[in-house]
Amino acid sequence: MIKSERGLLRRALAARFPLPLSLPSFASSLSSFDEQACYSNDGVKGGAAGKLRNAKSIDSCARDPLPALFPVVAVALRTLNWTLVQEVRFSEAAASHGFPHALEAFAMLMGVFSSGGMQREVRCLLAGVLGFCRDADCSSIGLLPTLVELSRGALSLLQVYGAAVQVLAEHLLVEDALETYYEAKRMGLQIGVPLSNLLLKVLVKSNNMDKAKCLFNNMKSCCPLPNVYSYTIMVHMYTSKDIFDIYEAGKILTEMEMSGVKPNAVTYDTYIRGLCRAGDVKSAWEFLQDLQSRGLPCNTNCYNALILGFCREGELENALLVFQELKQQRLTPDVHSYGILIDGFCKKGDVLNGYNLLDEMLSSGIIPTMVSYSSLLHALCMKGEMGCALSLFNDLHSRGYAHDLVSYGILIDAYCKHGDLDAASKLWQEMVQNNFVPDAYSYTSIIFAHCRNGCLKEALDHFELMLNNGVMPTVVTCTLIVDGFCKLHRTVEAFEFLNEMHKWGIIPNIFMYSVILNGLCKEGKSVCTWGILGAMIKKGIVPDVVVFTILIDGLVKIAKVEEALRLFAGMSKVGVMPNIFTYTSIIDGLCKNGRLPEALIYFEEMIRGGFVPDRIVYTSLIDGYCTCKDMLKAVELFNKMTQSGLVPDAHTYTCLIDGYSKLLLMDVAVSLLDEMMKLDLSPTVVTYTSVITGYRKLGDWDRAYEVYEFMLKQGISPDALTYLSLGVSYSGA
């Protein structure tokens, strides 16, 4: 059957690429190769033979019209010199000498190197042939039996098919690799388990999960039977983030043991990491303890996986327990064991324990990497210990550690966040002088600092420098620039920047849209937000609670309460639940529009939803009751707020003072003013104006002017309403 198939394939190939009619034996061909190599008839003095003898580039030889490629084969046979052969490209050889001649020469070269045990070189030559076929849109399977025939018996079908599968798999041409693999099995060739595992691994790596499952099942039913590596690959597949299924991973592990294939430490490590990724670190710990009790293989990596799992869960005490258990099992903690723990403590702000572990690491003769030191640097920066961070940074250099882009980036980012642009710029210059090219992270830090300080021009200068240096900005970088424009009420320029951003291939995300919507609302352009919302939805970005809250707050501020309520009601229809800020905006809007009963309904709904009212919500309702002159309810809410542990602010007191002043209950208003000042809360011009207005309405002009003069002594300038209350003309100066 194999013989007949080979004949059919050969005839099919001959129709597309005419091949030699006769195939002399390998031995007789070698004789002719030697003759051609030694006696060139190309009419060129020195010829190809001279070039080969001088071990010069075969590439120049390949361009000679005659004697073509056979001298190359002859020299390769005598010397096995791969350096000479590797310069010959199959595509160029086929173009210069014709496909049949190039194919015959390459088949013989493969046979030569295969006989010398140089399988890597064989695969390299085969890769050239397969690449040519792929470019020519021709199936390579039909060529493989022909290569065997052209090699004069130096290659076997199994060798060629196996090499082809490996070449195609390594070049991630998984469809072609699978086709070749299954064709070989149909031909009855005994493909080994190592090659099957290679293909299986490549399928998993390239996310061809369904094909990987089919191949694995084929191995179980049609041979070669899976070994420990095959099963481990499958466990890895089910514990990877792309197809995470810890239940299926467990089934593979059980099936493996029932089939008599003993898992190794790598298999168990893979499964433990899967359990940790599933958030079931406790089960992973129990699993590892069971392995220990049964004397099954486990290594340091198994423990490291658990230490990492507990650190990610914030359970550092358990991580330390696993670390101690690792040492008790006579397994040596490695640089990763310590590094994971140091990073875990540092992320929790426990720099002291991080340092202690570093000392223990050094005492054990383990040299920390820059990764561990970077964790400490980051922790010190997060705590605001910039002096200690800089000292450690400089100390590392004196110890012989080479600073990297990460360590520079950590310090620059920290200085930027602490508002020390001078220190950040100094480090930036040092980084550049040390031949480090600033990355997007460092540029974003500098841009953030300038934007926060309102220095948009400087931020844009750095952004332009970033582009000129070929560093692609991230969506975070662009969001900072957009936010900078919006904060300066330059939304038109923000939209222009947004259009430029699209040209760079950067797609706005929900955070950027939130920034733009917020900017429009603050400029009083809430009407324009509907177009942005529509654009978001068209791009497949589902508005979240932040976006809805921005829109609702914007509508409330321009007194479009009905539209805000409709939008609030529509949130639940798209599966978005309001948060406390959404409720606050709605309640505040209703209170300011004199719709207190409705505000109370939403207030109760908010509490039923499990939200704890904050000071802002209470103050909005207190203000609503004060406006309605229901001071009894206002004080009741005020007391409820303080009893819940919330501290009133100046605005809360101002609402009450204004309410009592409108009722001309000036003794209560003034006592609240005194109470407010005793709490170190500074009354505003609104607070004083309310009291002045109250005394004026009572006709007590002396007390009104007394409060006015006291206000001036406090350094508070009166506004137009204050002057109006006093009956004085306001110049606007």
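A Cβ is built for glycine as well, from the same backbone N, Cα and C atoms used for every other residue.
Pulled from TrEMBL:
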REPEAT    227-263  repeat 'PPR'
REPEAT    299-333  repeat 'PPR'
REPEAT    334-368  repeat 'PPR'
REPEAT    369-403  repeat 'PPR'
REPEAT    439-473  repeat 'PPR'
REPEAT    474-508  repeat 'PPR'
REPEAT    509-543  repeat 'PPR'
REPEAT    544-578  repeat 'PPR'
REPEAT    579-613  repeat 'PPR'
REPEAT    614-648  repeat 'PPR'
REPEAT    649-683  repeat 'PPR'
REPEAT    684-718  repeat 'PPR'
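Counting residues 6+ beyond its ends, the repeat 'PPR' (474-508) has Cβ neighbours under 8 Å at 440, 443-444, 447-448, 450-451, 454, 456, 459-460, 463, 466, 515-516, 518-520, 522-523, 525, 539 in the same chain. Within its own chain, the repeat 'PPR' (544-578) has Cβ neighbours under 8 Å at 510, 513-514, 517-518, 520-522, 524, 526, 529, 533, 536, 585-586, 588-590, 592-593, 595, 609, counting only residues six or more beyond its boundaries. Residue counts for the repeat 'PPR' (614-648) by DSSP state, with H, G and I taken as helix and E and B as strand, are 26 helix, 0 strand, 9 coil.
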